[in-house]
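K.L.:
I have a structure I would like to understand better, so I am pasting it below and will then ask my questions one at a time.
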Amino acid sequence: MSQTRGKYDFCIGLVLAMSSSIFIGGSFILKKKGLLRLARKGSMRAGQGGHAYLKEWLWWAGLLSMGAGEVANFAAYAFAPATLVTPLGALSVLVSAILSSFFLNEKLNLHGKIGCLLSILGSTVMVIHAPQEEEVETLDEMSHKLGDPGFVVFATLIVIVSLILICVVGPRHGQTNILVYITICSVIGALSVSCVKGLGIAIKELFAGKPVLKHPLSWILLLSLTVCVSTQINYLNRALDIFNTSIVTPIYYVIFTTSVLTCSAILFKEWQHMAADDIIGTFSGFLTIIVGIFLLHAFKDVNFTLANLPLSLRKDDRAANGTLLSTYDSFNDDEESSACLGEMQSTESLSARRNGSLSAF
């Protein structure tokens, strides 16, 4: 009966985590569509300090979608292991990228398509090999887990490292080193996920009619979650404001997910009873998602499609086979290269003008 209940909870958590990614990924598209509609109407844009988006129903639909996604993500931690729920958050990036290519006419290049495919494969592998965490059904059991010496040492180290980064390293190197602010919000995120997990258990007990509000751990978890999330938002916004989003997002995903996996392994002992193939499968899936996210973000501005492959492959084959080009072929290749070079220069010039670069002139 307990095993059946565990599988049922796992399925609920999986569905909630995937629903969360769909809602959050879709929310970016709805908000963007609303802001573009306002721009076409000539309203003051949000980046210029305007608040006309508050009257746009598409923007509100995006905000509600984001709220629904966060609620689903919150609930997922109450049913499924954090080792499964956290990595699946990468699917929101995937959903956003796919929907933007359909509804915002933002082209998804070959690297992006491969990245999407790898993210899906990695997520599938992680679902298949996801660990089973120890059963924690009451706040008393959660309190016992939080008092475990291993977790106390881990949490203390996180707090000490975070304070050093915030008070000492941040003021000196935060503006120049991308890892400082991202590390702060990532390692603190591990504690916030633990708080979410505990509050999820509290909510389940509350619906069961137990006096959860009288338990001091409920209020400690709520206060800790508020502090952790506020700190995360603050330093993540700083990182996004200073550095390129395409660099911040994959680095944040990797460090944050690694921190959560480590915290979850210490707190819930998820890895103790795992077989070797499941451990390898989980890490393989996680690394595959990392590569997919990297391809999706790092090369999103590179204009490379399948149409570019035949010419490159044809030239490579000729070189590999040692074929001597005739004068006519050489002339054609030179003419083709000149046309490509001219087209690239004209594209770069147009791009530079759009970005306001003086070098275009």
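Cβ atoms are placed via backbone N, Cα and C, with glycine included.
Per TrEMBL, transmembrane segment is recorded for 12-30, 57-79, 85-104, 111-130, 150-171, 178-203, 215-235, 247-267, 279-299.
Quick one: how deep are these features, and who are their neighbours?
P.N.:
Under 8 Å from some Cβ of the transmembrane segment (12-30) lie the Cβ atoms of residues 58-59, 61-63, 65-66, 68-70, 72-73, 75-81, 84-85, 88-96, 99-100, 103-104, 127, all in the same chain and six or more residues away from its ends.
Same-chain residues lying 6+ beyond the ends of the transmembrane segment (85-104) with a Cβ under 8 Å from its Cβ atoms: 13-14, 17-18, 20-22, 24-26, 28-29, 32-33, 36, 69, 73, 76-77, 112, 115-116, 119-120, 122-123, 126-127, 193, 249, 253, 256-257, 260-261, 264, 285-286, 289, 292-293, 296-297.
Sequence-distant neighbours of the transmembrane segment (215-235) (same chain, 6+ residues past either end, Cβ-Cβ under 8 Å): 139, 142-143, 146, 162, 181-182, 184-185, 188-189, 191-192, 195-196, 198-199, 202.
Listed by sequence, the residues of this chain that lie at least six past the ends of the transmembrane segment (279-299) yet keep a Cβ under 8 A from its Cβ atoms are 83, 87, 90, 93-94, 97, 109, 111-112, 114-131, 245-247, 249-250, 253-254, 257, 261, 271.
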K.L.:
Take the transmembrane segment (247-267) and find every residue of the same chain, 6 or more past its ends, with a Cβ under 8 Å from one of its Cβ atoms.
P.N.:
81-83, 86-87, 89-90, 93, 133, 145-146, 148, 150-151, 154, 178-179, 182-183, 185-187, 189-191, 193-194, 236, 239-240, 286, 290, 293-294, 297-298
